[in-house]
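Questions regarding the structure given below will be posed in turn.
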Amino acid sequence: MKIAVIGQSLFGQEVYCQLRKEGHEVVGVFTIPDKDGKADPLGLEAEKDGVPVFKFPRWRARGQALPEVVAKYQALGAELNVLPFCSQFIPMEVINAPRHGSIIYHPSLLPRHRGASAINWTLIHGDKKGGFTIFWADDGLDTGDLLLQKECEVLPDDTVSTLYNRFLFPEGIKGMVQAVRLIAEGTAPRCPQSEEGATYEGIQKKETAKINWDQPAEAIHNWIRGNDKVPGAWTEACGQKLTFFNSTLNTSGLSTQGEALPIPGAHRPGVVTKAGLILFGNDDRMLLVKNIQLEDGKMMPASQFFKGSASSDLELTEAELATAEAVRSSWMRILPNVPEVEDSTDFFKSGAASVDVVRLVEEVKELCDGLELENEDVYMATTFRGFIQLLVRKLRGEDDESECVINYVEKAVNKLTLQMPYQLFIGGEFVDAEGSKTYNTINPTDGSVICQVSLAQVSDVDKAVAAAKEAFENGLWGKINARDRGRLLYRLADVMEQHQEELATIEALDAGAVYTLALKTHVGMSIQTFRYFAGWCDKIQGATIPINQARPNRNLTLTKKEPVGVCGIVIPWNYPLMMLSWKTAACLAAGNTVVIKPAQVTPLTALKFAELTLKAGIPKGVVNILPGSGSLVGQRLSDHPDVRKIGFTGSTEVGKHIMKSCALSNVKKVSLELGGKSPLIIFADCDLNKAVQMGMSSVFFNKGENCIAAGRLFVEESIHNQFVQKVVEEVEKMKIGNPLERDTNHGPQNHEAHLRKLVEYCQRGVKEGATLVCGGNQVPRPGFFFQPTVFTDVEDHMYIAKEESFGPIMIISRFADGDVDAVLSRANATEFGLASGVFTRDINKALYVSDKLQAGTVFINTYNKTDVAAPFGGFKQSGFGKDLGEAALNEYLRIKTVTFEY
């Protein structure tokens, strides 16, 4: 068909392009005149294609059509007028001229919300359904016969922009094309509009957008979102006109502590809180407003209303003003359809796309001597004013982290001045626990108090979960693409590496880790873990699946892997940073947010890690850390309805309780890495020296505080005595001492209660008849030091043969030469199945044993050889689920199946 397109905007441009792709001949485009030298996108596109473009300032005068305008239109010979978005009044002489008449797009479900502000009124009235109508133009106001309608659900927090961008724009374009197709085929319906339920509302203007406070909270919320962003719902307060944006009724778990904001006519004063401005309806229900615009046009987070915005108040130097103007020119080049880049100009609302973000970052790099901005910097400061403030702060060397106040405990240790945060970390801020409750964390080397640490309460858990949920659902973390998320995790690994000596020193101070080991393992593997999973971020993908076709139609099924949401991670005390990293890296790579409960006795590296997330630019609320007791913090995380996954490493007893709580609360996804009694089988045909070396490591590594420590060594009869002799010789060479000394092999146990359990464990072994070859007692010196211990003649029925010590205690049992199946039966006679090992030169025997051992990991002629790429996790009552490797990602993802029919 020959079509005349009458209208404007990006919407009109897209409709025009799609009609041409359909093969229609657009004989002319009628759009608005250029404004400040800038042409409308529809006109620009048509001019590129050589289509005649007309820019009449008006079509009629004194109620009569202008003859010269009508003549130019009629000369085109259009068969159909398409009006995708038109702000001009088109005379009926033009509307009725084509053979097929004229069709108009209207952004509501007619006959409801006739008039120019249809989207606004859809939201203001709280309609549950929205949509658009394409109708045949007549001489009434949106009263013509219906051709096509499509509807969508209106979400509780939808605004004009979100509803338009999500549905009305993309589906409206398709709808216009479909309508023209129906007309061309001769099947387009003409359904008279019913007057039943018809409404007409006037155009929303600033003067009519004042908030009426004498109504319920939901009505106030609908008014605010219905006027967001234009014209903006406003009220008078503090002697000026305040305009509110970004309203929500989702206020669960929100604290009302803050500073009162008196509002004339309101049922109750508003409250400025850390989350934003809480408002109340006349029904005493709350709503939350996140952004406020002042009378001078300045936009700020509502939470900063009484503080002002430091970034907005920066006074620029002459050089910085010159840079700002150069950047303004860059914005003008990127946004050709914006008449003028003003302070309030929004980069994305002005038509910028993700490719333009890359361009802006690169242009700024050239303008500012190589200054490296990140893509997410643009997303966090979308207005020109905000972007310039962010840019100037970067140029001055001021980081966002400076806005976060961090209180430290400082200690001069290991030739370093340690700065250790000691408060809870919630929503990107270090805060006191409810009631300012604290507890002492102890240095196991001498039993002294390192510092007092905030002790999280149940209400603190609720706040942290709310912060994580907000970051997941509405924050930057859920909006950036996977590759940018990976870049942030790479940066976090780099920041951790820059602070590795400090982290290792804190591990030695708080957990008793030998410094040289902590540097390589506790911290080194933590860094490797974040780097490994950073690389996975943009490689998480689903599959396409062939299914039976619904003939004569066809089907396509695909799967998507999605983050589960807010995750709770509960970590043990033996590797405070490494266990945090094993779980958190996979969790974040999958796109989740997290609330972490470090072990109560070892909180300090986790809190230092929290500080490093700020330095790395991880958005606020993505990571939250709560030192505290398992009975309060761990239990509340397990019970919380907004937590969708728990990852736990710890005892089997506690793991069972967590699993039960997860089931009873909301059937959370759960992964458990629990107790172990890992068998190590040493055959006579092994490399004995290597077996001794690795056997020592399998038990005494990290003072025996090792999940996969060899809980029981089975040594073949013919080499048993020689093996024991060599082990004792090696034990005698071990230096027990201060973990910060570089030649120390064996540091203190993690905490006093654990030390006492090890003493009792050894006493029970002796009482039951096992031979104590060496050790078995506390070292006579200050601190929680325990002697490396060796037991022999351990029988299968003994307590120490069945139960985990989690300490530096080697349990040795003999087995008859050549009796492979018997020793396998003994090795598997346990409810645990975390790890295992075998030493032999016979590859056939090694593979046979590895097949039969009931454990998640089998080491052959080595031990403790974990790697970030190798899945780690147990069988039986050692738990289920995996840390590390690609398999770990699946613990923090859910699979969605999508099926199409076409």
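Just so it is clear, glycine is given a Cβ too, placed from its N, Cα and C backbone atoms.
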Annotation O-(pantetheine 4'-phosphoryl)serine per Swiss-Prot: which of the candidates SER108, SER354, SER665 has it?
SER354
Check the Cα-Cα distances from GLN635 (NADP(+) binding site) to the recorded positions HIS106, ASP142, GLU673, CYS707 and tell me which is shortest.
GLU673
Can you tell me whether DSSP puts ASP142 (site 'Essential for catalytic activity') in helix, strand or coil?
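ASP142 (site 'Essential for catalytic activity') sits in coil per DSSP, no helix or strand.
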Which value does the mean pLDDT take for the region 'Hydrolase domain' (1-310) in this predicted structure?
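Mean pLDDT for the region 'Hydrolase domain' (1-310): 92.
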Work out, from DSSP, the number of helix, strand and coil residues along the domain 'Carrier' (318-395).
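The composition, in the requested order, is 49 helix, 2 strand, 27 coil.
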So which of the recorded positions is most packed in, judged by how many other Cβ atoms lie within 10 Å of its Cβ, out of ASP142, GLU673, GLU804?
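Result for the most crowded candidate: GLU673.
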What is the separation, in Å, between the Cα atoms of GLN600 (NADP(+) binding site) and CYS707 (active site, proton donor)?
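So the Cα of CYS707 (active site, proton donor) lies 18 Å away from that of GLN600 (NADP(+) binding site).
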Considering only the recorded positions HIS106, ASP142, GLU673, CYS707, which residue has the minimal Cα-Cα separation from LYS597 (NADP(+) binding site)?
GLU673
Cα of GLU804 (NADP(+) binding site) to Cα of ASP142 (site 'Essential for catalytic activity'): how many Å, rounded?
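Here the two Cα atoms lie 78 Å apart.
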